[in-house]
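Take a look at the structure below.
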Amino acid sequence: MPLTAAGMRTLMRQMQEVQEHPVDGVQVRPADSMNEYHFDLDGPEGTPFAAGRFHVALIFDEQYPEVPPKGFFRTKIFHPNISERGDICVNALKRDWAPTLGLRHILVVIRCLLIEPNPESALNEEAGRLILEEYAAYERKAAMYTTINAARPNGVPRFTLPEVQAEKASSLVTADASAPVAGESGASSTTAAASASSMANGSTPSTATRRLTLSEANCHPGAATAAEKAEKSKKKALRRI
């Protein structure tokens, strides 16, 4: 059913807001109809989706804004909260919806979903299981799907997998030991070497080297990264055994 006149006015006002104050990494596509709107979403840096551009559709019905739109990824993606058909599962479009939230909030939430997937509410069970049990394997498969289905033509750097980071870090350790940077203090050199060494050993010196936090993406400040959330979920599961 088409939008009501009041619903259309609300949506047009919200669309204008999005165009005047764009969501980072989101571009509006030309509308196909009065109740279906399309967007291009660039994968956030530091995630396995970073090299991709994803086509997202929002379908509004006559009950909007009392009822949220239905969201779909038209580009194939490997993500626990996005089904093989592209259905999006996120609380902001379900039980947490409020008529005051609006279109801009929806777009921010969908982009944040690529930064902080929720494996405990998975539509794609394989992706959810991998996040909890073998996060590196999840990253590899998500990055592969991105390369195959959503690669951007403008040469965006590809997501760096952990084993590649370790190789680069080993080079940094060697370079740091043989040729210290002029003017750098001993403490700074030691810190740099320790950070590179931790990467070579498979650990990450800071979350900034691997993925963005939600606060960096204009989401909820202080929220956990995907890896941190997955680790917490794994610990909960182990306690239940």
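Cβ atoms are placed via backbone N, Cα and C, with glycine included.
TrEMBL annotations: computationally assigned, not manually curated.
These features come from TrEMBL:
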DOMAIN    6-151  domain 'UBC core'
ACT_SITE  CYS89  active site, glycyl thioester intermediate
REGION    178-241  region 'Disordered'
COMPBIAS  182-204  compositional bias 'Low complexity'
COMPBIAS  205-216  compositional bias 'Polar residues'
COMPBIAS  232-241  compositional bias 'Basic residues'
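Across all of the domain 'UBC core' (6-151), the predicted model scores a mean pLDDT of 95. For the domain 'UBC core' (6-151), the DSSP counts in helix, strand and coil order read 59 helix, 27 strand, 60 coil.
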